[in-house]
Structures are given as structure tokens and as C-alpha cells.
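One structure is given here, and the rest of the page talks about it.
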Amino acid sequence: MTAQLLDGKATAAEIRTDLKGRVEALRERGVGVGLGTVLVGDDPGSHAYVNMKHRDCAEVGIESLRYDLPADASQDEVERAVAELNGNPACTGYIVQLPLPKGLDEQRVLERIDPAKDADGLHPTNLGRLVLMQPGPLPCTPKGIVELLRRFDVPVAGAEVTVVGRGITVGRSLGLLLTRRTENATVTLCHTGTRNLAAHTRKADIVVAAAGVPGLITAGMVKPGAAVLDVGVSRVDGKLAGDVAADVREVAGWVAPNPGGVGPMTRAMLLANVVEAAEASARA
Ligand SMILES: Nc1nc(=O)c2c([nH]1)NC[C@@H]1CN(c3ccc(C(=O)N[C@@H](CCC(=O)O)C(=O)O)cc3)C=[N+]21
């Protein structure tokens, strides 16, 4: 038996079609939707991701505003781009592509984003709302993971979920999201200090691998029939490598591959956050 594919690529395309209709409806009411990006430096991966985000915007009818700053940009220059997007009414939401080049204070930049325009949900105010279980923009990757599980009817309520990785953009935020009453999962959050990783993954109904360690999760670490989602992004000899080994397909019940799984869902949720913020402001 091989695992059912959690096809993030096809699901994200369906979501973009839905969003396109909602963007048209907003425009008919005179409400524009614009996504900004701030990219610093010349990392080829980051450039590729930002390009994909702008292509998605064009498809859905969202205006895009783009700031590309050189690798030697100063903290002030980055913060000036952020201030401009905060002040520009054509920009209804934006992101600062992470990681920023060494020497820049990432947290200080994130804190200067207007929380109402925070399309990534990474401003401390919005992360605080997540901790407090109040409404607000959610980090795109965790939101995409929950949406993917929901659309493929993977049971989440009451499930044992083991998340590997404690980063803010994925692991830690996902733990907070999945333990809300509306998701109701039991979460084990593993990290580099975890003593027996396999013991934690083997008991899980759902494993989310977001450690950035190529091939970390192998077939022997997975309970038969479990859902395994590969969120690892590493480059091995210039090629994209996930955290999940190929043999996992033979034991898992569902697999979200990388590429083609959670990545496209992350981009779709970025658009969803921008559209939802515009809809909320149109209601106000
Ligand atoms: N402020 C900020 N927000 C982010 O959301 C953010 C970020 N910084 N920095 C980097 C990570 C990484 N990330 C991905 C998004 C989409 C794909 C994606 O769509 N991947 C496709 C194509 C992969 C390929 O072919 O290269 C796939 O998985 O099928 C991957 C990775 C967002 N990130």
C-alpha cells in the first residue's frame, strides 16, 4: 500500500480560483487588494519564492508592490521600505521575506510592520493573538497545513500530532494553532534537544517535519497509516531536499510531498490572508 497524496499543488490552485472571485467582488465595491514584498539580498531561493508570490498575485488579480533591496542594505533602508508600505493605501498586506541577511535585526523589522497589514502573521501582536486564541492573521505555513488536512479529511480533532521543529514560522506556531479548541489536536513539539525523536514520531497520527534536516524522518519512525507532511527546506548540491525519506510512502496513510505539498499551500494562504484583511476592512 502506498500513501494517499496530499496534493498541495492542486489544492492551492483551487484556493486561488476561489480567491480570484472574492478579489473581483471586492473590486466591484471599490476595494482594492495589494500585496507587498520586501526582499533583501540575492539568495536565489528567496528570489524564486518572491517571484512565485508575484505570479500568484497576477493570477488572482491582486496588485503587487515589490521592494528589492541590495544585500548590503542598512537596517534603516529596510525599515524605510516597511514604513512606506505601512503608509501606502494601495498595499493592503505585505511580507518581509525571511531570513534577512546577517547583520540585520529581523525582529526589529517585524515589529515595525503595521499589524493590520501583516500578511505573514509574524508581528508580535498577531503572534500574541494566536497565543490568546483571538482572531487575527495566521502564519501562512501552519494555516496551509491545517487547510490541507481539512480538505483531505485527515482527522485532526483528538489526533496525536508530532511536530518536528520549533521555528516561529512553522513548528511553534503550528503547535499553537493545532491546540486551539477548533482544531483540538494533542501536540508534541520536538526539537534539537529532543532525546528520542523516533519514540515521539512513532506514536503520532500526524507527523509534521519542519526541521530542515534532509531525510530526517524514515519509514521506521512512522506509525502505519499515519499522515506525514514534509515541510523541510534544505538544498543538497543545489537541489531541494525535504525532511522526509522516500521510503515513508510505503508505511504512511497520507503524504504531503516536498515539493508539491505544503509549499504551494503556504503561498495560497498568503493570498488568503491579504484577501481576508481586505474583506474585514470593507466590512468595517
Ligand atoms: N516572510 C516569509 N514568509 C514565508 O512564508 C517564507 C519566508 N519568509 N522565507 C522562506 C520560507 C519558505 N517558503 C516557501 C514558500 C513556498 C514554497 C513553494 O511554493 N514551493 C513549491 C515549489 C518548490 C520549488 O520548486 O522550488 C513546492 O513546494 O512545490 C516553498 C517555500 C516561504 N517562506
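Cβ coordinates come from backbone N, Cα and C, glycine included.
Remember, TrEMBL labels are computer predictions, not curated facts.
The NADP(+) binding site annotation in TrEMBL covers G165, R166, G167, V233. Here TrEMBL flags 6-120 as domain 'Tetrahydrofolate dehydrogenase/cyclohydrolase catalytic'. For 139-280, the entry in TrEMBL reads domain 'Tetrahydrofolate dehydrogenase/cyclohydrolase NAD(P)-binding'.
Structural mapping of features recorded in TrEMBL.
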residue	record	Cβ within 10 Å
G165	NADP(+) binding site	24
R166	NADP(+) binding site	19
G167	NADP(+) binding site	16
V233	NADP(+) binding site	19
Three-state composition of the domain 'Tetrahydrofolate dehydrogenase/cyclohydrolase NAD(P)-binding' (139-280), taking helix and strand from DSSP: 56 helix, 29 strand, 57 coil
Listed in sequence order, residues not in G165, R166, G167, V233 with Cβ within 8 Å of the centre of the NADP(+) site Cβ atoms: V164, T169, V170, G171, A210, A211, G212, V231
DSSP-assigned states of the domain 'Tetrahydrofolate dehydrogenase/cyclohydrolase catalytic' (6-120) in counts, ordered helix, strand, coil: 60 helix, 19 strand, 36 coil
NADP(+) site span - longest C-alpha distance across G165, R166, G167, V233, in Å: 14
Integer mean pLDDT for the domain 'Tetrahydrofolate dehydrogenase/cyclohydrolase NAD(P)-binding' (139-280): 97
